[in-house]
Structures are given as structure tokens and as C-alpha cells.
Amino acid sequence: VSPWDIALCATGTAVAGENALVLAVLFYTPSLRAPMFLLIGSLALADLLAGLGLVANFAVRYLLRPPSEAAELAAAGLLLAAFSASVCSLLAITVDRYLSLYNALTYHSERTLGFTCAMVLLMWLLCLGVGLLPLLGWNCLRDQSACSILRPVTKDNAAVLAVTFLLLFALMMQLYLQICKIAFRHAQQIAVQHQFIATAQATSTRKGLSTLSLILGTFALCWIPFAIYSLVADSSYPAVYTYSLALPATCNSLINPIIYAFRNPDIQKSLWLACCGCIPSTFSSRPRTSSDV
């Protein structure tokens, strides 16, 4: 058994457990029914399935005897669908944050829960279609020379997925830059209206920049090296290179709940209530502002 596969399986187990906790909090807390929390739930569900896909891939490779091509393709399809839904959910959260600032006056009337549910359902159908591609014949099991590092995905299909991912990341980066500009403008307007001193505005600006850096930096460090490598490499490259880049990419699903869920004050309150039945007196009840990008 490869230690890299054991590490991926262990990471998948941790990812599944962590995101299952997020889904449980969202499901059992009636107050967390806003569109924003629905998108966080979609991200948690995608990462949960990604974790289960890593465990299933390990089981198919080492525990299933005799080996089954259908099981291998199904496990690969689950990983493709789950990670596609994870990236698309991150993009949806980015778009939602942008609209909440750009159309602040009409956002709550336009972004209804029903509209968000419809968009999330459409996104999941698209990602499930991507996951079905290996089972529909888009695989290299009959021609090993056409395999990419993402076996059983072919080299051409892996290149398409990598280019699509890089384009989505570029779109996310552009949206977050716009979010940052709008947040800074709002912070300046608030500072002028309330005659805040310059240090208060500087603190708000630094917080926005740190949050923006955390979101984009984490996503880029986890996924960009693996995406570029899958674009240029093929199955003839040493497997250790693929493993060493795939493991950080899967760890992104371990970090997502920390960035998008556990840092949210409402989810923090629900977790404290579920764990100990109380909210600490030191817990900050300050509402989020436009600077909290």
C-alpha cells in the first residue's frame, strides 16, 4: 500500500468529518436559512463528497477484489463531480459576496432563497454531468498511453479541466478585487459620515486585505500547482510528483470550512450552543460590515 494513498485516504476521512459537522450545524439551526448559508452548505456538501470519494478511491484500489473497471470509473466520477462542485460553489460564494456589495440596496429582495436554490441545483446538475463523463466513455482504460496524471481521465480531457479551472480562478480573482474596491469605498464613506480617525479606516482596510489574501492565497496555493501540472504532464511522469501536488489540492477541502463556515459569527454561535449550551461572554456580537470581505 502506497503511503501517499494512505495519506489521501486519511485526508478524505478528515474532510468528510469536518464538512459533515458544517452540514449538521446548518441543517439543525433554523436561523441559518439565508442564501449565503445555502451556498456555504453547497460547498460543505461538495467537500464532503470529495472526502468520501478519496476514501472510495482507496477502497476500490486496495480492498476490492477482483478489480472492477465500473467501480474505478464510478470513484473517479465521484471525485470529478465533487471537486467540480466545490470549485463552482466557491465561485458562487464569490459572486454572492460581490452582488451583496454592488447591489446592497436591492440584494435582499433580488437574491431570494428560491432563486438561490434554483441556481445551486443547476450548478449541481452541471457538475454531476462532468462526473458522469468517465462512465460515458471519456476514459483511457482501453488506451493506457492516452492517460493523464488523473487516471482514468484522458490527457485531452485533463487539459480541458485544467484550463477551465484556471479561467474560473481568474474570474474569482477579478471579482474579489472588485469586492475589495467596493469595500474600501464603503469604509471611506462610513469614516467620513462618522468622522472616524484615520487609524480606524486603516484598520478596516488592513482587515479587508488580510481576508482577501487568505481566500485567494489559500485557493491558489492548493490548486494552481496541481492544475498547471495536470496541463503539461501525462501518465509517464513519476507518480510521486502527482501525489505531492494532489495532496495539497485535497487539503483545500479541509481548509474551506475554516474560511467560509467556522469564521462566520452565526455558525460560531450555533457550534457553541451545540457543544456546551451557551455562548462565551467574550464572543463578539459585532455585525459584519462591508469591510469584512
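Here the Cβ of each residue, glycine as well, is placed from N, Cα and C on the backbone.
According to TrEMBL, the protein has these features:
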{"type": "DOMAIN", "residues": "18-260", "note": "domain 'G-protein coupled receptors family 1 profile'"}
{"type": "TRANSMEM", "residues": "6-29", "note": "transmembrane segment"}
{"type": "TRANSMEM", "residues": "36-64", "note": "transmembrane segment"}
{"type": "TRANSMEM", "residues": "70-93", "note": "transmembrane segment"}
{"type": "TRANSMEM", "residues": "113-138", "note": "transmembrane segment"}
{"type": "TRANSMEM", "residues": "158-177", "note": "transmembrane segment"}
{"type": "TRANSMEM", "residues": "209-228", "note": "transmembrane segment"}
{"type": "TRANSMEM", "residues": "240-262", "note": "transmembrane segment"}
Excluding the flanking five residues on each side, which residues at least 6 beyond the ends of the transmembrane segment (70-93) place their CB within less than 8 Å of a CB in that stretch?
-> 36, 39-40, 42-43, 45-47, 49-50, 52-54, 56-57, 60-61, 64, 119-120, 123-124, 126-128, 130-135, 139, 141, 150-153, 161, 165, 168, 171-172, 219, 223, 252-253, 256, 260
When only pairs 6 or more apart in sequence are counted, do the transmembrane segment (240-262) and the transmembrane segment (6-29) reach 3 or more Cβ pairs under 8 Å?
-> yes
Which whole number is the mean pLDDT over the domain 'G-protein coupled receptors family 1 profile' (18-260)?
-> 85
